[in-house]
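Visitor: Before anything else, here's the structure in question.
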Amino acid sequence: MNTAFAGFDENRAGRRAPGCTGRPAFGLGMDSQQDVVNLDQGGCCPALRKLLPRGFWDEARALFVLSGPLFLFQVLNFLTYVVGTVFCGHLGKVELASVTLGVAFVNVCGVSVGAGLSSACDTLMSQSFGSPNKKHVGVILQRGSLILLLCCLPCWALFLNTQHILLLFRQDPAVSRLTQDYAMIFIPGLPAIFLYSLLAKYLQNQGIVWPQVLSGVVGNCVNGVANYALVSVLNLGVRGSAYANTISQFVQAAFLFLHIVLKKLHLETWEGWSSQCLRDWGPFLSLAIPSMLMMCVEWWAYEIGSFLMGLLGVVDLSGQAIIYEVATVVYMIPMGLGMAVCVRVGTALGAADTLQAKRSAVSGLLCTAGTSLVVGTLLGLLNSQLGYIFTSDEEVIALVNQVLPIYIVFQLVEAVCCVFGGVLRGTGKQAFGAIVNAIMYYIVGLPLGIVLTFVVGMRIMGLWLGMLTCIFLAAVTFVVYAVQLDWKLAAEEAQKHAGLQQQQQQQQQQGAECTAPSPGPDKAVVSSVATGCNPGIALTMYSRPGCHVDFYGRPEAAPAPAAPASRLSVRQLLFRRGAALAASVAVLMAGLLVRVLTTGY
């Protein structure tokens, strides 16, 4: 079976030299007869080459080509929030605290939910794009859009009550009030950022990454100009920063959408809106909810850690803030590689190419380990100078210098977890990742960190030692799981996600018509030409690589399969989706009612 990887040279990565023999390559359950390193090859470091899978350098090149723009994309998203913080930081301590808390609240109660749910597309879109059924990618985009837009309503209910939630956690009343303003203004921006995330996933899982970077540049330019105009010129303060952020989110989403349409990047995977987007919400959510938990469990753990440091005093909180900012930027490097691994693994499994999927996973692990070693070395060289970038307070700088060696080891292990997270998303095993993260962070990491911080008296170092312990155990668990992973079963599940099993049933039914008793001479000619098959021979879905020839004479990419008759009727679908809409609206109305009843208290 031929496979197609958008923009990647598969043949070079998968080519084996005749008669290649030798010891098995280091890998995740790799076949010793297929994944071997030719020890007869020339070159230096023969001992090192024994650890590398065949085609490693080509695969590494493909991963870095993908992950480089994805890293820039993440940095640009991060800068969107930094710009607003910088502008409001010059207004005063209350304004700085308010915009910082506002961004954190919006991220935890809104953005993280959408980012997590949209991660289901990493599995479904990459696997569908790797299969002959590429049109199914468009159906997944439609389905994800509807589900994420519904999820906006419960998030809005939280935004409406931001002030009361913060006061429950004993935050400053003045800061809580301004944070409420920030969240309220950002309400219309949440659907924009959700759709932007989906469009980015839509392109990313086809191997298209530069439009996202370009949209991020445009969004940041608009954000900077808007912050200057609204915060510095019109003196709108925190509200101006919120307006600027909301505007930039709409600009980014609109720019990326127009780029897709005008550049016709959707032609291969989109054939219009379909009622299929109302189906299979269960399988989508079975991946989306674990994806969200896998991401949010880790995200929220660090936010809790920052909150705990605030209980110790300003010095520890400041030190935690500096380490956290460094960690956020450094994390984007393995995150980009993890995304690239997810795309490569998912696309390979969609094409039923388990060998390529394993090669991508192993190569991604080695690339991530190498980049993390480089980052760790740079941080070690900057050990005594890093704190001065953020502050001139000697006490805070000394604290940062104490914690930095722990973080250097931490980021290396975290990078391993990050790339295995990409493997889990590519194979559709997010539920396992969510369970491991929940156990390690909330049963091991945070409790151990709290004991070391408050009982033993290690303060901020205790927190990071607890985090290092949990991330190390998580990495070991992921490695053991990946080594035992059944790649053939993962490929079969990928065919289900891509809708190929339904399509095979259709093809068999339509192929049976092709084997029916031979029609009259005129009809026989039409049949053999229009269907692309000879009378008496049934077509298979792989009549041409990545292409489906329909039975009306239109060669085109494989369409999304029609639903079997045994599935829910349109009326049943509308009833169920209407019930989901009603439930989301009910949550929003409950939030609105709470806000009205508590106003003035």
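Glycine residues also receive a Cβ, built from the backbone N, Cα and C atoms like all the rest.
Swiss-Prot feature annotations, pasted as is:
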{"type": "TOPO_DOM", "residues": "1-62", "note": "topological domain 'Cytoplasmic'"}
{"type": "TRANSMEM", "residues": "63-83", "note": "transmembrane segment"}
{"type": "TOPO_DOM", "residues": "84-95", "note": "topological domain 'Extracellular'"}
{"type": "TRANSMEM", "residues": "96-116", "note": "transmembrane segment"}
{"type": "TOPO_DOM", "residues": "117-145", "note": "topological domain 'Cytoplasmic'"}
{"type": "TRANSMEM", "residues": "146-166", "note": "transmembrane segment"}
{"type": "TOPO_DOM", "residues": "167-182", "note": "topological domain 'Extracellular'"}
{"type": "TRANSMEM", "residues": "183-203", "note": "transmembrane segment"}
{"type": "TOPO_DOM", "residues": "204-212", "note": "topological domain 'Cytoplasmic'"}
{"type": "TRANSMEM", "residues": "213-233", "note": "transmembrane segment"}
{"type": "TOPO_DOM", "residues": "234-241", "note": "topological domain 'Extracellular'"}
{"type": "TRANSMEM", "residues": "242-262", "note": "transmembrane segment"}
{"type": "TOPO_DOM", "residues": "263-281", "note": "topological domain 'Cytoplasmic'"}
{"type": "TRANSMEM", "residues": "282-301", "note": "transmembrane segment"}
{"type": "TOPO_DOM", "residues": "302-320", "note": "topological domain 'Extracellular'"}
{"type": "TRANSMEM", "residues": "321-341", "note": "transmembrane segment"}
{"type": "TOPO_DOM", "residues": "342-361", "note": "topological domain 'Cytoplasmic'"}
{"type": "TOPO_DOM", "residues": "383-402", "note": "topological domain 'Extracellular'"}
{"type": "TRANSMEM", "residues": "403-423", "note": "transmembrane segment"}
{"type": "TOPO_DOM", "residues": "424-437", "note": "topological domain 'Cytoplasmic'"}
{"type": "TRANSMEM", "residues": "438-458", "note": "transmembrane segment"}
{"type": "TRANSMEM", "residues": "460-480", "note": "transmembrane segment"}
{"type": "TOPO_DOM", "residues": "481-577", "note": "topological domain 'Cytoplasmic'"}
{"type": "TRANSMEM", "residues": "578-598", "note": "transmembrane segment"}
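Quick one: how deep are these features, and who are their neighbours?
Guide: If you average pLDDT over the topological domain 'Cytoplasmic' (1-62) in this model, you get 50.
Beyond its flanks by at least six residues, the topological domain 'Extracellular' (84-95) meets 103, 172, 174-175, 178, 223, 227-228, 231-232, 237-238, 241-242, 244-245 of its own chain at Cβ-Cβ distances under 8 Å.
Sequence-remote contacts of a segment are chain residues at least 6 beyond its ends whose Cβ falls under 8 Å from one of its Cβ atoms, and for the transmembrane segment (96-116) they are 81, 84-85, 88-89, 148, 151-152, 155, 158-159, 162, 165-166, 171-172, 174-176, 178-179, 182-183, 186, 190, 193-194, 197, 238, 241-242, 288, 291-296, 299-300, 303.
Residues 94-95, 97-99, 101-103, 105-106, 237-239, 241-242 of the same chain lie 6 or more positions beyond the ends of the topological domain 'Extracellular' (167-182) yet place their CB under 8 Å from a CB of it.
Distant neighbours of the transmembrane segment (183-203): 73, 102, 105-106, 110-111, 114-115, 118-119, 121-122, 125, 137, 141, 144-145, 148-149, 151-152, 155-156, 159-160, 162, 209, 211-212, 215, 239, 242-243, 245-246, 249-250, 252-253, 256-257, 260, 265, 269; these residues of the same chain sit at least 6 beyond its ends, with a Cβ under 8 Å from one of its Cβ atoms.
Long-range contacts of the transmembrane segment (213-233) within the same chain, counting only residues at least 6 positions beyond its ends with a Cβ under 8 Å from a Cβ of the stretch, are 69, 72-73, 76-77, 79-80, 83-84, 87-88, 91, 196, 239-241, 243-245, 247-249, 251-252, 255-256, 259.
Proximity of distant same-chain residues to the transmembrane segment (282-301), defined by a Cβ-Cβ separation under 8 Å and at least 6 residues beyond the stretch ends, is recorded for 107-108, 112-113, 115-120, 122-124, 140, 143-144, 147, 421, 424-425, 428, 430-431, 433-434, 437-438, 441-442, 445-446, 467, 497.
A Cβ distance under 8 Å defines the sequence-distant neighbours of the topological domain 'Extracellular' (302-320), meaning residues of its chain 6+ beyond its ends; these are 104, 108, 327, 391, 393, 395-396, 399-400, 403, 446, 449-450, 453, 459-460, 463, 467.
Remote same-chain partners of the transmembrane segment (321-341), defined as residues 6 or more beyond its termini with a Cβ less than 8 Å from a stretch Cβ, comprise 62-64, 66-68, 70-71, 73-75, 78, 122, 204, 302, 306, 360-361, 364, 367-368, 371-372, 375, 379, 386-387, 390-391, 396, 400, 403-404, 407, 411, 414-415, 418-419, 421-423, 426, 460, 464.
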Visitor: What parts of the chain pack near the topological domain 'Cytoplasmic' (424-437), using Cβ distances under 8 Å and only residues at least 6 beyond its ends?
Guide: 119-120, 122-123, 126-127, 286-287, 290-291, 293-294, 297-298, 341-346, 349, 357, 360-361, 474, 477-478, 481, 485, 490, 493-494, 497
Visitor: What are the helix, strand and coil residue counts for the topological domain 'Cytoplasmic' (204-212) according to DSSP?
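Guide: Summed by class, the stretch gives 4 helix, 0 strand, 5 coil.
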Visitor: Taking DSSP states H, G and I as helix and E and B as strand, how many residues of the topological domain 'Cytoplasmic' (424-437) are helix, strand and coil?
Guide: 12 helix, 0 strand, 2 coil
Visitor: Please give the sequence-distant neighbours of the transmembrane segment (146-166): residues at least 6 beyond its ends with Cβ less than 8 Å from one of its Cβ atoms.
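Guide: Tertiary neighbours of the transmembrane segment (146-166) are 101, 105-106, 109-110, 113-114, 117-118, 175-177, 179-180, 182-184, 186-187, 190-191, 194-195, 197-198, 277-278, 281, 284-285, 288, 577, 580-581, 584-585, 587-588, 590-592, 594-595, 598.
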Visitor: Report the DSSP secondary-structure composition of the topological domain 'Cytoplasmic' (117-145) as helix, strand and coil residue counts.
Guide: 23 helix, 0 strand, 6 coil
Visitor: Sort the residues of the topological domain 'Extracellular' (383-402) into helix, strand and coil with DSSP and give the three counts.
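Guide: DSSP composition of the topological domain 'Extracellular' (383-402): 13 helix, 0 strand, 7 coil.
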